[in-house]
Amino acid sequence: MTNAIDKKVNLLDLNREGIKEFFREMGEKPFRAEQVMKWLYHFCVDDFDEMTNLNKALREKLKQVAEIRAPEVREQQQSSDGTIKFAMTLFDGQDVETVWIPEGDRATLCVSSQVGCALECTFCSTGAQGFNRNLSVAEIIGQVWRVNQLLGAYGKTGIKPVTNVVMMGMGEPLLNLNNVVPAMELMLDDLGFGLSKRRVTLSTSGVVPALEKLRERIDVMLAISLHAPDDELRNEIVPINKKYNIEEFLASSRRYVEQSKAQRKVTVEYVMLDHVNDSTDQAHALAKTLKDTPSKINLIPFNPFPGSDYGRSSNSRIDRFAKVLMEYGLTVMVRKTRGDDIDAACGQLVGDVIDRTKRILKRQQKQRGGEAIAVKTT
């Protein structure tokens with residue numbers, strides 16, 4: 001087994017096939033992998049000694065070559081509406097934020113995929129802070145794992161805290177495709193968290209080549225961050241549009257949905273920026289832009305953050321905008337803002353995370369004698 005003794009393998013980094021291969025290399029039967037996955041994801045167990053249907057020799061062997069390691073909760077804040085924001089410390093000491101949003105019999109977890117974000121959308125706090133690095137598979141799925149464990153996981157209280165996952169936290173998921181896809185596979189896998197395809201949503205700002213690859217690899221719900229009715233405005237507020245314009249983005253989204261068994265319409269996210277993208281003329285333009293794309297539109301009231309140049313559209317402007325879209329037969333929803341009193345709402349995820357990350361990076365650089373730290377973006 002390659003480097004198994006020199007470096008323990010984090011089992012949360014492996015999807016079903018990866019864990020089976022790991023056990024094969026150990027000389028164990030594949031069913032042992034399935035037993036361990038159930039302990040990992042159905043009971044959120046992180047101690048091999050608690051896996052009582054494994055013999056003692058195997059448990060001892062696993063202790064030597066494997067570990068179960070998820071991000072740790074450094075801090076949590078609870079909103080007046082019940083939303084909880086978790087500051088999660090990653091394996092190198094940096095932080096990301098994860099948000100748990102309860103509503104009736106469902107609870108949605110907003111999961112981060114990167115430390116910071118490279119796309120620099122002008123209305124997003126995370127994008128304003130810059131990009132540091134991608135999260136590993138274990139750091140992504142580990143957010144779900146840790147919240148399930150913390151809030152009362154399977155078999156412990158009878159509660160299943162996370163019923164839905166949205167890849168809408170810090171970062172652009174499609175710029176970390178090779179780690180995001182295995183993590184989502186574990187969300188869907190019956191031996192993982194067992195969520196249905198309709199309960200896992202990936203949101204993207206339009207990395208078109210990666211969206212084409214996503215279509216070939218996994219079927220989950222797709223949400224697209226559009227935020228403008230035309231290329232001129234989108235170039236300004238979502239800079240990646242200069243590389244992949246609206247027409248390319250929508251065409252790729254249509255191809256994804258046409259192949260999908262999870263959804264028939266693209267979910268279009270549109271943040272409402274006061275007197276920037278919220279006029280009735282822009283509503284008409286948006287409807288015409290979407291005329292060939294089966295879609296439902298999610299209007300998102302802007303959530304201000306320190307240093308932002310934008311204001312939130314008034315309720316009356318949002319209502320007028322929605323009515324125009326509905327005149328074209330479009331399905332329109334206005335997202336209810338959750339967790340804004342703890343900076344956990346859409347576009348606000350950063351808190352003191354980036355400042356803490358920068359301090360850690362400076363310390364690491366100093367330890368390395370000022371050597372630049374390489375960052376992968378794809």
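Quick reminder: no glycine exception, Cβ is built from N, Cα and C everywhere.
DSSP classifies E97 (active site, proton acceptor) as strand under the three-state reduction. What Swiss-Prot lists as active site, proton acceptor is E97, and the listing cites sequence analysis.
Residues annotated as domain 'Radical SAM core' in Swiss-Prot, with sequence analysis given as evidence: 103-341.
Summarising the annotation, Swiss-Prot assigns [4Fe-4S] cluster binding site to C117, C121, C124. Annotation note: C117 ([4Fe-4S] cluster binding site) sits in a coil segment as assigned by DSSP. Of all Cβ atoms in the shown protein chains, 26 besides its own fall within 10 Å of the Cβ of C117 ([4Fe-4S] cluster binding site).
Swiss-Prot lists G171, E172, S203, S225, L226, H227, N303 with the feature S-adenosyl-L-methionine binding site, giving sequence analysis as the kind of evidence. Remark: E172 (S-adenosyl-L-methionine binding site) has S113, Q114, C117, A118, L119, T204, S205, V207 as non-local neighbours, by Cβ distance under 8 Å and separation of at least 6 in sequence. E172 (S-adenosyl-L-methionine binding site) carries neither a helix nor a strand DSSP state and counts as coil.
As annotated by Swiss-Prot, active site, S-methylcysteine intermediate applies to C346.
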Cα separation, C124 ([4Fe-4S] cluster binding site) to G171 (S-adenosyl-L-methionine binding site) (Å, whole number):
11
Measuring Cα to Cα, tell me the gap between L226 (S-adenosyl-L-methionine binding site) and C121 ([4Fe-4S] cluster binding site) in whole angstrom.
11
When distances run from the Cα of C124 ([4Fe-4S] cluster binding site) to each of the recorded positions E97, S203, S225, H227, N303, the nearest one:
N303
